[in-house]
Amino acid sequence: MHCAILKAEAVDGARLMQIFWHDGAESLYPAVWLRDNCQCSDCYLHSAKARKLLLEALDVNIRMDDLTFDQKKVYITWPNGHYSEFEANWLKKRCFSQEARAGLQGELFLPECQYWGSELQLPTLNFEDVLNDDDHAYKWLSSLKKVGIVRLTGAADKRGEIIKLGKRIGFLYLTFYGHTWQVQDKIDANNVAYTTGKLSFHTDYPALHHPPGVQLLHCIKQTVTGGDSEIVDGFNVCQKLKEKNPQAFSILSSTFVDFTDIGVDYCDFSVQSKHKIIELDDKGQVVRINFNNATRDTVFDVPIERVQPFYAALKEFVDLMNSKEYKYTFKMNPGDVITFDNWRLLHGRRSYEAGTEISRHLEGAYADWDVVMSRLRILRQRVMNGN
């Protein structure tokens with residue numbers, strides 16, 4: 001972005017700065033915001049990209065004492081003699097117009113979301129390419145954010161491969177099941193995933209108040225028959241539910257449900273949480289699905305008259321997930337790693353037969369969306385700059 005200032009002036013009793021740009025656009029900036037964001041070394045620590053100015057020292061009713069400009073910068077003197085400079089590009093990027101704010105938020109959070117159903121073309125990349133090449137790593141994480149799932153092929157059929165992916169993004173998310181965990185049938189299993197039975201559509205770990213955002217599953221050994229993976233785009237299904245039955249959508253997005261998980265693994269644990277099955281942001285957009293029927297508690301903290309309507313709404317939601325139109329079925333092969341958005345996708349597994357030895361083995365891990373998005377922003381900057 002290369003912006004040129006045509007004119008800058010103080011308005012509204014010097015409480016606002018107005019800029020006229022060479023491209024014909026206009027921008028307004030509050031004086032209090034400008035003073036708060038002074039970029040001088042007394043007010044801003046450039047080595048940490050962090051504000052030093054204390055809010056206690058900020059006059060919220062401040063006015064500009066003097067304002068000058070050239071094409072590239074604005075120069076402001078404040079009533080106490082403090083002096084600030086602001087670059088044109090920096091100001092234009094932070095314009096308060098609705099269009100500019102939406103554009104910057106899009107750059108920061110990359111909200112583009114591609115909904116899908118049974119027609120999904122599963123994004124696929126090579127495991128080693130993702131580890132060793134920034135362009136491929138960027139494609140991996142940008143597709144993960146946009147589509148919600150990416151398959152990586154070519155990993156070794158041994159434990160430890162997803163630890164490499166964790167290091168590629170930064171670090172993995174430790175839970176009560178460990179840094180990584182083994183999905184295989186176990187005697188006296190402490191999780192339904194560690195059985196050979198069918199797993200219905202679910203998100204992992206809603207028993208935590210902050211469920212892991214991304215899940216990584218590496219296929220080390222696969223059964224010959226059964227064990228197919230099933231996934232569904234929860235955000236897409238939520239949209240259809242809202243269209244088909246707004247009342248059911250309203251119930252699931254307003255009713256807090258208790259989840260529990262008690263046992264021993266990495267250490268002993270007794271976890272409780274409360275979530276709405278469909279979690280919305282302040283604009284009414286779905287931001288997370290919290291649903292695991294296995295760990296949904298017997299405790300249900302609602303008035304009795306709301307119990308049956310809740311079950312009816314939840315059943316309709318689950319029936320939609322299981323319709324052929326929305327679910328996608330595939331089988332992992334040894335060396336495959338699937339990485340997916342645990343806040344958006346629900347996943348399941350078809351049953352398989354137990355043998356005298358372990359016939360199916362996946363290694364799993366979690367990552368936090370903050371860590372993934374951090375790496376995605378860094379990779380995006382590198383790729384866009386050609387570094």
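Note: Cβ is positioned from N, Cα and C throughout, glycine not excepted.
The candidate list HIS2, HIS82, HIS136 contains one residue that Swiss-Prot assigns to the Zn(2+) site with CYS38, CYS40, CYS43, namely HIS82. Record note: of SER351, SER359, Swiss-Prot gives the feature phosphoserine to SER351, with no matching annotation on the rest. Per Swiss-Prot, Fe cation is bound by HIS202, ASP204; the candidate from HIS179, HIS275, HIS347 named for the same site is HIS347. Separating the Cα atoms of CYS38 (Zn(2+) binding site) and ASP204 (Fe cation binding site) is a whole-number distance of 44 Å. Ranking the binding-site residues HIS82, HIS347 by C-beta neighbours within 10 Å puts HIS347 at the top.
When Cβ atoms from all protein chains are considered, those within 10 Å of HIS202 (Fe cation binding site) total 24, not counting its own. Of the recorded residues, HIS82 (Zn(2+) binding site) and SER351 (phosphoserine) place their C-alpha atoms 70 Å from one another. Spatially, by CA atoms, the recorded positions HIS202, ASP204, HIS347, SER351 include one closest to CYS43 (Zn(2+) binding site), and that is ASP204.
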